[in-house]
Amino acid sequence: MGEMMHNSNSDTQSPFYLRSHDFDRNGNDLMELLQSAGNGIQHADKIFSMHSGIKESNVSGSLQFGGAPNASSAETRSLVEKEQFEKWDDLVADHIQHKQTSNGNELAGVRLNAGDSSGKSNGRFRNQKELVKLARNREAARKCRMRKKAYVQELEMSQQRLLQLNQTLEKARQQGDKQRHSIGRDAFDRDHAQWLGEHERLMDELRSSLSSTTLHLLVDAVISHYGELCGIKSAGARSDMFHILSGLWTTPAERLMMWLGGFRSSDLLKVLEKQIQPLSLSEQQLVCIFNLQQSCQQAEDALSQGMEALQQSLTLTLSSSSLARHSAGNLVDYASHMATAMSNIHTIQNFLHQADLLRLHTLQQLQRILSPCQAARALLAINDYKTRLKALSSLWLARPKE
């Protein structure tokens, strides 16, 4: 029983004990092992036959020499066979282990070679991927450079077109300014000529209606007509202030007596002093006219002083040393000084409008102080004064040229 257990345990530990999954894994190796085992058995039989005689003689000699009791030949044979089987088992196990080790080394070599070949193939695959990636990157960079170059060219072309457009707009603006100024001057001259024609008609009607009961209506119409002239001059000043200020729309003699685009109110009141006796003014009317003359003189002096100060400021602004050189360093100063000069010119336009309002206010005050007949005679006297100035201009222009 013990021998059976020993044999079973030795079988499980013996190289001949093969598991099912080992058999399934490599059947060819099993056949080689069995063949090697057969060769080992034949070799073991030779060893067993060679050593059996020696063992038997030794055992029998030793028994006889030691004076031991005689044992049966069967027991002696059993002991020898057992010893020989154990040696045969060890020999077969060593041979099988050596075969397995050599087979394992061969399999490991195969796996190593397979791993090396797979590593080389993987390396080649990675190199191919890197080459493809580099090629794609180069292509993308080339396309990016082409797009950038096209974009820069488009920007340059757009800049050139913008410069051309700015030049065209500048030329159009300059031509438009000239046309607008020309149209503004022509429009003012045309409107002023129409106003003069209507004014002459009203003066003729006023002269023929001095004894009419509707005279006050004609006086109102004449004063309102002067108000229309104030509006025409204001529109002309917005279009071309220097045309109104220079008085080119009047005769040369009228320009000689001109003050801020028209006549002085105080001068017209002085003209009326020669007409006081025919007008038969009362003491109160004389005082009112004198006070009106004083107030007009003060207003005119204030406007004249303002114009003088404005002209001095404009002179100082345009004569500044920072305007001598048009460099990038003083560009801000240049723009600031020119803006100040433009503001001064705009103030002159306001002075023109204030002077027109003063003239209209003077006529309205005369209408309030005088009776309708006296106001009509005063308006006729002012018109006669202007008519004489025009006649003087005509005589001057018609004089003999030396």
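The backbone N, Cα and C atoms fix where each Cβ goes, glycine too.
Over in TrEMBL, the protein carries these features:
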- 127-171: domain 'BZIP' (DOMAIN)
- 148-175: coiled coil (COILED)
- 185-399: domain 'DOG1' (DOMAIN)
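Listed by sequence, the residues of this chain that lie at least six past the ends of the coiled coil (148-175) yet keep a Cβ under 8 A from its Cβ atoms amount to none. Residues of the domain 'BZIP' (127-171) grouped by DSSP class, helix first, strand second and coil last, total 45 helix, 0 strand, 0 coil. Along the domain 'BZIP' (127-171), the predicted structure has mean pLDDT 85.
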